[in-house]
Amino acid sequence: MVHPTPPASFTLWDYVVFTLMLVISAAVGLYYGFAKGGQHSSRDFLVGGRSMTAVPVALSLTASFMSAITVLATPVEVYCYGLSFILTCLSFIPMVWISSEIFLPIFYRLGITSTYEYLEMRFNKATRLFGTVLFIIQTLLYTGMVIYAPALALNKVTGLDLWGAVISTGVVCTFYCTLGGLKAVVWTDVFQVLIMLTGFLAVIIQSVLVQGGVSVIFSDAAQGGRINILDFDPNPLRRHTFWTILIGGTFVWTSTYGINQAQVQRYVSCKSLFHAKMSLYVNLVSLWAINLCSVFCGLCLYSVYKNCDPWTANKVSAQDQLMPYLVLDILRDHPGLPGLFVAAAYSGTLSTVSSSVNALATVTATDLISPYFSLSEQQLSWVSKGLNIFYGAMCIGMAGVASLMGGLLQAAISIVGTIGGPLLGLFTLGILFPFVNSKGGLAGLVTGLSVSFWVCIGSQIYRPLPESTRPLALETHGSMTETSVHSFAIAVGLIVSLVSALKNFLLLYWYNMSFLFFISQYSFLFYFQAIGNSFKLDLAGGKEKKSGETNFAFRDIELDITQMQSQKSLT
């Protein structure tokens, strides 16, 4: 039964279950830190020796961005706005195909460790550094919020110490990241995604028992207007419609799974391209499982509190606290199960934070240290471990920034989309448009960022009207930003590259026309051949070849990956 007043704190068994989750996560780091002699090189530490298989990597891909925000905020989204958020599952399908068939093969065959190495190969060093810095800023902001969000929500409902939870989360993540490297991160992710699913199932099963069946929960949702899946309103300003979720969601998740360092690092850790691709397709199934569970928890939440909303009744101070409130309400007679749900929320936090810390250390070591300092493999491995400690501390500090942001789900998507959209546009330009040069790439990136921040800041100053957000009724008596910016960044990059190429062609043409009357018939023929070659070279980045603009994915001669990798290992 549902009790009128949920308990204010955990029982002993809840603390035992929660602590056990933290201990097991730390133990995985210890094992991979010392098993088989530990991490022998930076390659072992950063990419798991490139020996991982599809299934653990797939579950790690899911856990990396299915954070506590998914556990706490997605059910509230359904509770307040209805079932339309389930359409996100459809956006995963094109995302997986685009990531596995367009982005992944290029990154894997090039044998890169950092995603941003590709930007130097394709454009120049400045573009690589710009992308690296943007990733570091984006990830620190996002990770700080991921740490702070569940700690705040659970503090208000369960009485867990706020900053004690924040610090303990950061310390545990830093511990197993530093000791075990990517292998420890991947296998703790596997454990944590299973904990997340178990926590969701505990809430779902008990809710179904309390409410009298699944049909009752769906009936309550239908009567409350929560079964609002197919809304084909073309207005892009509406909060969630079929088009905004399917199109916008595809771009948001492609920027996450297609080019984000945390995910690409897992792909390149696989022992073959086949395993790398399979990890994405298996990941699709686990993404569906996590999202369907979180969405159904939202329906359970509404069914239980359809006549007495705890938020408007002032039983909780924020909507993000509704799920912990429900858990303590319906599971209070089952010692340990509330602790299991909290462990599920913190599993999402640990998996995301550990992935972020590991990725931050990797890009810093690969993009900001290795090119400028001559270090041995052992030295680079120690530097990478030191960077894990540094970024673990930084993420804890950035949790304070997250306290200034409200609305967990919208804030998370805003941070990822503001920077992720322009970066996705830059990589898309490089891979799909071989004539784009470094000027066009940088222009598209800068323009996209400017528009993205303008929209993001404007959305915080000028809040959306109720007719756009369309919250559903709660009783007490008983983005398209990333899509637009991604497209805009690509358009600007194409225009600048074409203008640059046309300018160079016209200069060459004018210069050579002045000599037309002074050359022989033989020279005349040679001239046209040269001018054609010059134009072709310019479009392919001939003048900027030293800075690495040539796109290996579109070369006339097939890239000899084996030779390139051997040269890389020698350097």
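Yeah, the Cβs are placed from backbone N, Cα and C, and that goes for glycine too.
What TrEMBL annotates here:
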type	residues	note
TRANSMEM	12-34	transmembrane segment
TRANSMEM	54-73	transmembrane segment
TRANSMEM	129-150	transmembrane segment
TRANSMEM	162-182	transmembrane segment
TRANSMEM	194-218	transmembrane segment
TRANSMEM	240-259	transmembrane segment
TRANSMEM	280-305	transmembrane segment
TRANSMEM	389-409	transmembrane segment
TRANSMEM	416-436	transmembrane segment
TRANSMEM	442-462	transmembrane segment
TRANSMEM	483-502	transmembrane segment
TRANSMEM	508-528	transmembrane segment
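When Cβ-Cβ distances below 8 Å are used as the criterion, the transmembrane segment (12-34) is approached by residues 168, 172, 175-181, 183-184, 187-188, 191-192, 195, 335-336, 338-340, 342-343, 346-347, 350 of the same chain, each at least six residues removed from its ends. Outside the transmembrane segment (129-150) by six or more residues, the chain places 67-69, 71-73, 114-116, 119, 165-166, 169-170, 260-262, 320, 345-346, 348-349, 352-353, 356-357, 359-360, 363-364, 367-368, 391, 394-403, 405, 408, 411-412, 415-416, 418-420, 422-423, 426, 442, 445, 449 with a CB less than 8 A from a CB of the stretch.
Most Cβ pairs under 8 A with the transmembrane segment (280-305) among the ranges 54-73, 162-182, 194-218 are made by 194-218. Under 8 Å from some Cβ of the transmembrane segment (162-182) lie the Cβ atoms of residues 22, 25-26, 28-34, 39, 44-48, 147-148, 150-152, 154-155, 188, 265-266, 269, 346, 349-350, 353-354, 357-358, 361, 384-385, 388-389, 392-393, 395-396, 399, all in the same chain and six or more residues away from its ends.
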